[in-house]
């Protein structure tokens with residue numbers, strides 16, 4: 001009879017219905033009283049995830065042994081019900097059943113999953129009392145528990161108590177030091193493990209270590225790890241390869257990531273595809289990301305939420321709007337529109353569209369039922385980026401009144417709005433709120449405060465914020481301070497700060513050079529600026545981007561060196577983008593190089609026929625030259641092409657209220673009196689400065 005039941009249970013492993021029938025048969029024939037049979041059925045219920053049925057059977061069992069108790073404890077911990085598992089463990093001890101190594105291991109696994117260090121210490125005491133601290137399975141579980149609770153010193157002590165640590169013990173300890181990002185100790189342990197002939201390194205050893213190597217400075221170390229993986233013949237382990245794809249992409253070596261990806265052949269899983277797409281997107285290789293997605297479709301690879309979030313982050317340019325909207329349709333078709341991370345990615349995508357408005361992003365935000373902090377931060381940042389600073393402030397207030405706790409990112413976005421509005425009083429209030437909320441030492445909040453005070457004209461307060469930062473190696477804070485001095489015409493101070501940055505080994509990035517080139521441009525430090533541009537790649541290992549060339553063109557233009565600016569553009573390794581050309585157009589116009597300006601403008605109209613900037617620049621240039629027919633021709637062209645000038649807005653803070661207005665705004669009921677006052681002020685300014693030869697056309701209210 002026992003053999004028949006064993007056979008029936010074996011055939012029930014993949015069918016809950018068969019398991020139920022086998023259970024009924026065991027009751028009917030009286031075999032359910034056999035503890036072996038009961039334990040087998042109990043274990044099967046647990047494996048199917050039917051904890052309720054398992055619990056009823058456990059309560060009805062006339063006899064229970066340690067296997068019965070351990071099976072139920074394992075079931076509760078697997079379902080995340082640690083309190084029930086702990087209660088059952090206590091009952092097990094009281095019942096007189098033997099608590100063994102398996103009991104401790106299963107309980108410690110549950111404690112590790114929820115990081116209940118307090119319970120872990122109690123169990124450790126019982127382990128010592130029971131004499132199991134040298135047991136490799138219990139010891140490994142203790143190491144894992146302490147490691148996941150980020151108590152790596154305790155994990156190391158527990159590890160040293162194990163008489164013969166195995167791969168699981170070593171992997172748990174290494175993973176603990178990975179979790180606290182102690183790269184030095186983690187790799188030291190890897191070296192020790194490598195010297196142990198009896199211990200085998202596997203995917204559990206390398207996969208966590210690879211997650212640490214997420215910066216270009218670790219590229220050589222990553223290649224060493226890759227060599228070890230090849231030496232051990234683990235190059236086809238999917239977990240290791242997926243981690244390696246992500247690490248190579250994070251280190252900036254996308255070609256190596258693609259090589260690992262291609263080496264997987266037909267054994268790629270969904271994580272492999274998603275990791276490669278994310279790597280391409282991160283490094284602005286958008287077309288490669290889209291092509292890989294198309295390959296996924298050809299290979300009938302099922303997509304998931306991570307596929308779409310990786311792709312949506314690449315749909316930021318105007319040329320990718322159609323593809324981005326198609327992805328939006330796929331997200332809806334998949335039924336993922338109420339998945340918060342998917343909607344957050346869609347909100348960010350619509351915000352980043354250059355010609356887009358906030359309407360689509362706001363509609364998505366409002367339709368999302370379970371908004372998280374990223375949702376709020378995205379919409380606040382979107383308003384700030386689009387210049388809708390009042391809306392950013394309003395939504396920050398809504399966030400504060402919700403149950404979600406405000407973080408440093410929200411404060412940074414709001415302070416950016418204050419910077420754009422140049423509302424000092426509001427900025428100071430947010431500064432006080434950030435201090436009260438404990439974010440005043442955060443590098444991103446500090447950087448935003450530096451920008452805000454700089455734009456509000458209080459460079460001394462910006463400097464005080466910079467001096468208060470806890471991390472003296474914060475690149476974003478140094479960049480903000482350099483740019484702040486640049487905006488105040490203190491180029492030499494910016495250069496001194498740049499030198500300090502280099503001497504203190506603060507990491508330089510693209511923004512650093514944009515800031516320092518801007519500083520040189522604003523203060524006429526031509527030689528210094530050009531020298532820095534030329535040294536970027538050979539000395540600082542940073543390849544110049546379009547924004548750096550645009551800053552250098554502006555630098556030469558401000559000095560009246562139009563031909564030098566033209567030569568610089570012609571010597572660029574890549575074709576100049578619209579940003580560089582628009583900068584050069586401004587230079588030509590300011591220096592009176594009308595013919596050259598017209599050529600640049602015509603080229604811009606070919607590549608960006610819908611952008612209003614070029615039309616407006618041409619119109620103003622012809623107006624300055626009093627060429628009214630040409631100006632009328634530009635206006636006509638705009639009308640025919642449906643191009644409208646985006647009005648520029650200005651703000652002023654009066655009695656704690658922000659007033660917004662644009663050029664020739666007549667919506668204010670007092671506009672007649674306002675324009676009369678402007679006229680009187682303009683006439684008075686002309687009269688006062690007539691001796692200095694100030695051109696009336698240069699006076700703007």
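Keep in mind that glycine also has a Cβ here, set from the backbone N, Cα and C atoms.
Some features that Swiss-Prot has for this protein:
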REPEAT    34-64  repeat 'PPR 1'
REPEAT    65-99  repeat 'PPR 2'
REPEAT    100-134  repeat 'PPR 3'
REPEAT    166-200  repeat 'PPR 5'
REPEAT    269-303  repeat 'PPR 8'
REPEAT    304-338  repeat 'PPR 9'
REPEAT    339-371  repeat 'PPR 10'
REPEAT    407-441  repeat 'PPR 12'
REPEAT    442-472  repeat 'PPR 13'
REPEAT    474-508  repeat 'PPR 14'
REPEAT    509-539  repeat 'PPR 15'
REPEAT    545-575  repeat 'PPR 16'
REGION    580-655  region 'Type E motif'
REGION    656-686  region 'Type E(+) motif'
Original post:
Who are the chain neighbours of the repeat 'PPR 15' (509-539) in space, where the CB to CB distance is under 8 Å and they lie at least 6 residues beyond its ends?
Top reply: 475-476, 478-480, 482-483, 485-487, 489-492, 494-495, 498, 501, 545, 547-549, 551-552, 554-556, 558-559, 561
**OP:** For the repeat 'PPR 10' (339-371), give the DSSP counts of helix residues, strand residues and coil residues.
**Re:** 22 helix, 0 strand, 11 coil
Original post:
Do any residues of this chain, six or more beyond the ends of the repeat 'PPR 3' (100-134), have a C-beta under 8 angstroms from a C-beta of it, and if so which?
Top reply: 66, 69-70, 73-74, 76-78, 80, 82, 85-86, 89, 92, 140-142, 144-151, 158, 161-163
Subject >> Long-range environment of the repeat 'PPR 10' (339-371) - Cβ separation under 8 angstroms, sequence gap at least 6 >> reply: 305, 308-309, 312-313, 315-318, 321, 324, 328, 331, 378-379, 381-383, 385-386, 388, 391, 402, 404, 610
Subject >> For the repeat 'PPR 8' (269-303), the number of residues DSSP places in helix, strand and coil >> reply: 26 helix, 0 strand, 9 coil
